[in-house]
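Novice: Before we start, here is the structure in question, set down as structure tokens.
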Amino acid sequence: MSTFSFSLQSPTRFGPRLGSVVLKRPSIDIEIATPGLLATTSRGAVPHLSRDHVRISDAIRWVNVSFETFLEHNPPIPTLQALQPGTSSASNPLHTFLGFTPNKHIVSMSARDPHDGRDMPPNGNAHVSVQSLRGVRKLSPTDWRSYVQACQPDIVFALSDTPFTDPQYSQKRLTKSIERSAAWLSSLLNLKSPPPPPKTSTKKVVNNTSSNVDTLIPTNTRIPPVFLHLAGIASPGARKAFSDSLLEPLSGPEAEALLPLSKLDDGVAGYTIDLVPLKSSVEATSTGVESQIVPLLVTSLSALPIPKPRLITATQSPHEILRYIGSVGVDLFDAGWVQKAADYGVALDFEFPVRRTSGLREIGHNLYDVRYRMDFGALADALRGTLSPQEDIEDKPVCPCAACSPVSPSTRIFHGHDTPLVSGEEEQSSPRHLPHYTRAYIHHLLHTHEMSAHALLVLHNLAVLDAFFAGVRGVIKDGEARWEEEVGRFGEVYDARLGVVEEARERWREVDLARGKGRLARERSKQVDVGAEAVVGVEVRIEV
Amino acid sequence: MQFQVIAKCNTTRARVSRMTLAHGVTMLPTFMPVATQAAIKGLTANQMQALGVTLILNNTYHLNLRPGLEVLNQAGGAHKFQGWDRNLLTDSGGFQLVSLSKFTTITEEGALFASPFTGEPTMLTPEESISIQHIIGADIIMQLDDVVSSLTTGPRVEEAMNRSVRWLDRCIAQHEKSGTKSTQNLFAIVQGGLDSVLRDRCLDAMIARRNGVAGYAIGGLSGGEEKDVFWRVIKQCCDKLPEERPRYSMGIGFAEDLLVCVALGVDMADCVFPTRTARFGVALTHDGPLNLKLSKHAKEFQSIDESCPCPTCTDKTSRAMLHHIVTHETAGAHALTLHNVVFQAQVMGRAREAIIAGTFPDYLKQFFARYFGDAGYPEWCVNALRSVGVDLLEGTPAAKIVSGNGAKWEYAAINPQ
């Protein structure tokens with residue numbers, strides 16, 4: 001059993017705030033200073049990282065798992081983990097299944113991937129439309145609760161009725177959206193309603209360890225701390241109404257069912273804001289996107305209690321992050337954009353506060369670019385590797401990532417008659433620092449489509465973002481004047497247009513398309529070879 | 001190079017040796033994972049080292065194209081470039097010229113091929129191949145050989161064999177004057193196709209040049225030839241090659257192939273198979289390959305192999321989780337690559353232990369019984385091991401035997417769901 005808490009150093013409603021998330025476990029407390037980051041996952045894994053790499057990344061302390069990919073099976077496979085010998089729902093079955101370390105990682109669970117803005121079929125009164133590899137699935141609030149109970153993440157995101165249909169939502173749709181979102185929160189918190197009936201399909205999935213269908217009903221009825229999406233999309237009226245509904249005293253049967261809560265908000269541990277649907281509906285109504293969003297968030301938060309953490313998903317740049325810290329007081333940010341930048345071959349290179357102020361700079365390096373072919377430097381200019389050459393050190397902070405500051409493994413596996421005793425080699429000494437991986441090496445790996453490039457870049461980019469947040473917290477500590485000054489300076493030094501990420505993304509797409517064409521061309525020539533006239537089918541590309 | 005045979009099997013031709021190179025000791029027999037483009041697919045050099053791998057392979061043909069010699073030179077060689085400070089072997093590029101380029105023409109001077117980037121005619125001579133490998137800086141470098149497909153017959157095979165011998169002389173000469181002999185070791189590649197007379201002539205000629213070479217590779221195999229022919233060629237070569245030189249069988253990676261080769265006297269082998277098959281979702285185990293793409297694994301919560309020391313298995317990564325991510329997430333490929341590299345190392349490590357302990361024939365029997373189980377032993381393995389005094393069928397006369405290649409694979413149809 002663990003307990004979640006959040007504390008603020010001073011009760012700031014809107015504006016930069018320092019705080020800390022603490023998850024107390026029986027063995028250890030995990031603390032995340034805020035503003036801070038959480039990593040995103042794809043199919044339950046941090047993209048490109050093996051489990052050992054996840055563990056050596058100090059930046060990864062909180063990961064969010066979007067559960068929809070597991071809905072390919074019914075019941076979802078992770079919900080069966082608690083039934084396995086050696087695990088129980090009292091331990092951390094979701095950690096166990098996905099390979100996260102309870103002593104190091106906070107794992108939260110959301111139904112949908114907050115970065116997925118594709119059009120979806122409408123939600124219903126009792127279901128959210130979610131996306132799985134085998135197509136769209138309907139997820140009901142009662143199923144969601146049972147999955148959460150079986151998986152026992154550290155934090156759960158309540159289902160939200162966020163439309164992913166064509167924007168320009170009617171008044172009626174908005175009303176429905178906030179009513180459903182509140183009702184689904186209520187049903188997540190309601191532990192007194194009967195557990196959902198076992199699925200008919202569960203009979204065939206019961207595995208060899210248990211033949212009893214009843215055991216599929218989670219024995220642990222605990223609901224982890226709930227984070228709630230602030231509903232209302234782009235309508236200030238709807239957003240205010242939704243926040244108000246959280247603060248209304250509960251009455252009638254709902255009040256009884258939710259005892260001891262006196263209002264819905266009592267059951268909420270934190271608030272989330274998904275930018276993807278918000279941006280697309282703001283875009284549909286006007287041009288100045290970001291200046292529209294801040295007032296909307298302010299509307300949502302103006303009556304809600306101050307000391308609850310605010311988590312925003314799908315920001316796209318450090319500039320955007322600074323804006324939400326400065327004018328709203330957002331505490332937690334997902335790192336999806338820096339992880340994505342690693343896909344494109346971008347090594348991030350920015351710092352806050354800015355120490356060197358010459359000219360306008362990009363926030364990173366597109367390592368695909370031929371200019372890095374012979375560049376044997378570490379990935380960032382703003383940070384150095386532990387063993388970087390002396391003249392390069394200045395007062396630069398160290399980038400602790402496995403690309404800039406690799407550390408030799410402390411142990412190795414022996415396979416048979418190869419120990420130091422036999423080989424005569426020296427025993428492995430304690431771990432030592434090794435030279436950084438160079439830009440030239442990663443440039444080479446990118447051009448040869450080697451996956452190792454992305455592993456190193458993800459580790460690096462997360463470390464850069466983590467260092468950025470540490471810098472942010474340091475500046476907030478120094479007071480408002482310093483904050484304003486440093487944010488201003490950051491905006492002057494780093495190009496907010498993100499040309500480098502954009503360009504890398506374009507190049508990445510080109511490479512991807514060219515590869516597709518190559519395959520098609522090969523297939524075509526193969527068909528010519530065999531004299532067939534069959535048409536090459538349309539290739540569906542999946543973004544990896 | 002220091003090469004020291006420290007134990008021999010009393011029954012088979014298997015042996016354990018200690019090979020000391022400029023980047024440390026590698027115990028033989030060993031399997032070498034392939035890092036074609038200066039990276040084991042998806043992993044870092046540190047991860048490979050933690051897996052207990054002490055010798056990997058880079059491909060000269062690929063590194064010469066990208067990143068190119070200018071970059072490698074500037075970086076201080078391939079070891080530094082990829083952050084790998086253990087032993088490294090490079091091939092000569094001859095095989096890729098034939099397998100990757102349609103337009104390669106072999107002349108006495110060298111291999112003429114169309115540059116894959118510019119299309120310009122480019123000549124790779126034996127001297128050049130060695131010079132390139134000097135810049136790459138691997139601990140073991142290979143001669144440029146005239147490679148023909150193992151299915152080729154007729155005078156071309158003899159021509160290629162003779163030319164490989166002549167090219168070996170040119171490679172030795174080039175290597176002698178390089179000044180890198182103390183850190184780099186040249187291996188000859190025995191050719192001669194599937195013809196035992198040609199193989200014999202090639203062996204004689206190359207053994208005569210033993211003072212110029214640190215070890216011998218057996219080339220021209222693993223190209224789709226009959227397995228029953230394959231092992232006979234390996235045996236012929238191993239029987240004749242000098243005791244005091246390591247023997248390297250090129251392009252061998254299936255567990256049964258490895259163990260048969262070890263029993264016949266092979267010390268080293270390489271193949272992309274274990275890392276490639278990992279990316280397709282297949283985990284190698286002592287009970288045979290496990291195709292984790294198959295839906296029958298979707299609800300299995302046990303690890304791939306509970307006794308496996310690899311990071312994926314010691315972390316108890318379930319087959320269900322692997323099924324969920326393999327071929328969708330690169331992290332799935334990484335998990336299986338880590339496992340398969342360790343599996344190969346374990347197969348060879350256990351062979352070393354058994355040879356030292358004098359129980360190698362028992363190890364072979366146990367391995368084959370468990371690996372093939374009810375699927376039946378490949379007939380060629382039975383034949384090959386009988387030739388060195390091990391009868392897999394001893395005590396189990398009713399055991400099933402399958403002819404042909406008999407490689408074991410987990411197909412969807414075996415267990416439809």
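Placement of Cβ uses the backbone N, Cα and C atoms for every residue, glycine included.
Sharing the features that TrEMBL gives for it:
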DOMAIN    B:12-371  domain 'tRNA-guanine(15) transglycosylase-like'
ACT_SITE  B:ASP91  active site, proton acceptor
BINDING   B:ASP91, B:SER92, B:GLY93, B:GLY94, B:PHE95, B:ASP145, B:GLN191, B:GLY220  substrate binding site
REGION    B:251-257  region 'RNA binding'
ACT_SITE  B:ASP270  active site, nucleophile
REGION    B:275-279  region 'RNA binding'
BINDING   B:CYS308, B:CYS310, B:CYS313, B:HIS339  Zn(2+) binding site
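Please situate the listed features within the shown structure.
Specialist: Counting only same-chain residues at least 6 apart in sequence, those with a Cβ under 8 Å from the Cβ of B:ASP91 (active site, proton acceptor) are B:LEU57, B:ASN59, B:THR60, B:TYR61, B:MET142, B:MET250.
In the three-state DSSP classification, B:GLY94 (substrate binding site) falls within a helix. Around B:GLY94 (substrate binding site), the same-chain residues at least 6 positions away in sequence with a Cβ under 8 Å from its Cβ are B:ALA111, B:LEU124, B:SER129, B:LEU144, B:ASP145, B:ASP146, B:VAL147.
Long-range neighbours of the region 'RNA binding' (B:251-257) within the same chain, counting only residues 6 or more positions beyond its ends whose Cβ lies under 8 Å from a Cβ of the stretch, are 31, 221-222, 266, 269-274, 284, 343-344, 347, 367-368, 371-372, 378, 381, 406-408.
B:ASP270 (active site, nucleophile) is surrounded by 23 other CB atoms, counting those within 10 A of its CB over all protein chains shown.
With a threshold of 8 Å between CB atoms, the same-chain residues lying at least 6 positions outside the region 'RNA binding' (B:275-279) that come near it are 33-34, 40-41, 289, 327, 333, 336-337, 339-341.
DSSP assigns B:CYS308 (Zn(2+) binding site) to coil, not to a helix or a strand. Around B:CYS308 (Zn(2+) binding site), the same-chain residues at least 6 positions away in sequence with a Cβ under 8 Å from its Cβ are B:THR285, B:THR314, B:HIS339, B:VAL342, B:PHE343, B:GLN346.
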Novice: Between C-alpha atoms, which of these recorded positions comes nearest to B:GLN191 (substrate binding site): B:ASP270, B:CYS310, B:CYS313?
Specialist: B:ASP270
Novice: When DSSP states are folded down to helix, strand and coil, where does B:ASP145 (substrate binding site) land?
Specialist: coil
Novice: Could you give the Cα-Cα distance between B:CYS310 (Zn(2+) binding site) and B:GLY220 (substrate binding site), in whole Å?
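Specialist: So the Cα of B:GLY220 (substrate binding site) lies 33 Å away from that of B:CYS310 (Zn(2+) binding site).
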Novice: Count the other Cβ atoms sitting within 10 Å of the Cβ of B:HIS339 (Zn(2+) binding site), across every protein chain shown.
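Specialist: By my count, 27.
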Novice: Pop the Cα-Cα gap between B:ASP270 (active site, nucleophile) and B:GLY93 (substrate binding site) into the table, whole Å please.
Specialist: 15
Novice: C-alpha of B:PHE95 (substrate binding site) to C-alpha of B:CYS313 (Zn(2+) binding site): distance in Å?
Specialist: 35
Novice: Looking only at B:GLY93, B:GLY220, which of these binding-site residues has the biggest number of Cβ atoms within 10 Å around its Cβ?
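Specialist: Highest number of other Cβ atoms within 10 Å: B:GLY220.
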Novice: With every protein chain in view, how many other Cβ atoms are within 10 Å of the Cβ of B:GLN191 (substrate binding site)?
Specialist: 29
